[in-house]
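What Swiss-Prot records for 1-16 is signal peptide. Residues annotated as N-linked glycosylation site in Swiss-Prot, with sequence analysis given as evidence: ASN24, ASN25, ASN39, ASN55, ASN80, ASN143, ASN182, ASN302, ASN500. Annotated disulfide bond per Swiss-Prot: CYS69-CYS294, CYS81-CYS93, CYS114-CYS156, CYS298-CYS322, CYS490-CYS494, in sequence order. Sequence annotations record features per position, and here Swiss-Prot assigns transmembrane segment to 532-552. Residues or ranges marked as S-palmitoyl cysteine in Swiss-Prot (evidence: sequence analysis): CYS556, CYS563, CYS566.
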Amino acid sequence: MKTIIALSYIFCLVFAQDLPGNDNNSTATLCLGHHAVPNGTLVKTITNDQIEVTNATELVQSSSTGKICNNPHRILDGINCTLIDALLGDPHCDGFQNEKWDLFVERSKAFSNCYPYDVPDYASLRSLVASSGTLEFINEGFNWTGVTQNGGSSACKRGPDSGFFSRLNWLYKSGSTYPVQNVTMPNNDNSDKLYIWGVHHPSTDKEQTNLYVQASGKVTVSTKRSQQTIIPNVGSRPWVRGLSSRISIYWTIVKPGDILVINSNGNLIAPRGYFKMRTGKSSIMRSDAPIGTCSSECITPNGSIPNDKPFQNVNKITYGACPKYVKQNTLKLATGMRNVPEKQTRGIFGAIAGFIENGWEGMIDGWYGFRHQNSEGTGQAADLKSTQAAIDQINGKLNRVIEKTNEKFHQIEKEFSEVEGRIQDLEKYVEDTKIDLWSYNAELLVALENQHTIDLTDSEMNKLFEKTRRQLRENAEDMGNGCFKIYHKCDNACIGSIRNGTYDHDVYRDEALNNRFQIKGVELKSGYKDWILWISFAISCFLLCVVLLGFIMWACQKGNIRCNICI
């Protein structure tokens, strides 16, 4: 009896060696996969607010260098002078005479140190001179007759002596007369001329007659295109530098071929010449950031910023080729594929699961690739062609976004007088609306680009899979998880031919068909076929043993077999 049971057990073991799936020498497994990282980056697409990708680039510049770079733009530091003070010739701003700039930087510590003045349209004059980019001044010989020139004031010291604005000529009575002044100055040049002039407003009637004789003066400045008539307003004003009188500053632009006419019977602050007007992209900015030796195309009041990103939220005010201002603190552009972190699976094929299962964190030499298992072991290799195809289409994406958004001009500060408050409110509303619109457009643009990138990288993966499937044809079976079961012996050279596209399926066709039919004849189409086969085998062995035991007991009862039990 022992002999029979032993023979039965040996028979079962021999049978077990012939179960399908135990001979891996005649088959191989090839899986396609893509790159993955342990911790990806979340980006936004049209269809998903948060989708993880292997790599992404930040598109919003959110910090400055903290200093204004002096290259490539020519920066003129106003230090203690405003641009208008430098224009008029305030004594402490004499160092700015005939200066040029791309960007004039006004400081919060700037102050006036001459006769108190106001400019009725200060912002327009400031912007006009700033955009010209120069304080180049040409003296002209105006013929003022019967009056005293070069008036000065103790409120405008030039050294120890009383002085005045260097670009203006204060005219007052000569003796006891102030004759009517009527002078002309033609523009025979080929460029516009900017004339700065003013009207003096005495604080009392006595001051008025002491300086100009007449109780009421009048100043008229005209060209062929315009005329301005100003009547002085005599009256006391708040005291500034020991004076309660004021000067109002005006300007006139004389075109080539036009003529300047000045008529006055008193209170005239006359021009000494003209400023050359130039056209360009010069500007002005209020900032307390220091000026440093560095290079940057984009300048904000906070300091220079790089312009290698399409958007910035450092400051609305900019100069140069700058990223577009948006409200968002961050906008990320996907520069990698959809990230599916690798799962630590177990099992015969768990270690080389395909792209449908999860990504491959170990693949660092490409975005797409192959893993295989054959009689020579396991291996992995990247597919450089599909990787390069995806990279080529993504590489130019950032530059294209920058080209669409970077401003090649500056966003200047806008100022309005108090009486223009409603205009200022409207301007602010328009600017805020523009920023809202650009912020929305930026988010939409990035979401569209991210959607395209993910669709593109998914498409390249599918192209590689289809290319492999067309090569293998009936020699392999698609296992449905990104892997192929190859029904012929496929060594490393064979695997390499599949990867590089030189695989000849006809060479292996007969072997593959033969192996497929042999395996399929006994293979169960279930996800648990191996378990079912082993359970069936165990039950069969158990039943065989029961039958043998029953036969032995029956034979013992009939006397054909004698069984002695010794204790």
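Note that Cβ sites are derived from N, Cα and C of the backbone, with glycine treated the same way.
On the structure: features taken from Swiss-Prot.
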residue	record	DSSP class
ASN39	N-linked glycosylation site	coil
CYS93	disulfide bond	helix
ASN143	N-linked glycosylation site	coil
CYS156	disulfide bond	strand
CYS298	disulfide bond	strand
CYS322	disulfide bond	strand
CYS490	disulfide bond	coil
ASN500	N-linked glycosylation site	helix
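Here the candidates are the recorded positions ASN55, CYS322, CYS556. The one whose C-alpha lies nearest to that of ASN302 (N-linked glycosylation site) is CYS322.
Close to ASN80 (N-linked glycosylation site), meaning Cα to Cα within 10 A, are the following recorded positions out of ASN55, CYS93, CYS114, ASN500, CYS556: CYS93.
Cα separation, CYS114 (disulfide bond) to CYS490 (disulfide bond), rounded: 94 Å. DSSP assigns CYS69 (disulfide bond) to a strand in the three-state reduction. Looking at CYS69 (disulfide bond) and CYS156 (disulfide bond), their Cα atoms lie 34 Å from each other. CYS322 (disulfide bond) has ASN55 as its nearest neighbour among the recorded positions ASN55, CYS490, CYS556, going by CA to CA distance. Of the listed recorded positions CYS114, CYS298, CYS322, CYS494, CYS556, the Cβ environment within 10 Å is emptiest of other Cβ atoms at CYS556. Take the CB of ASN302 (N-linked glycosylation site) and look out to 10 A: across all protein chains shown you find 18 other CB atoms. Each residue contributes its Cα atom, and for CYS93 (disulfide bond) and CYS156 (disulfide bond) these two points are 12 Å apart. Annotation for the glycosylation sites ASN55, ASN182: lowest Cβ count within 10 Å of the residue's own Cβ, ASN182.
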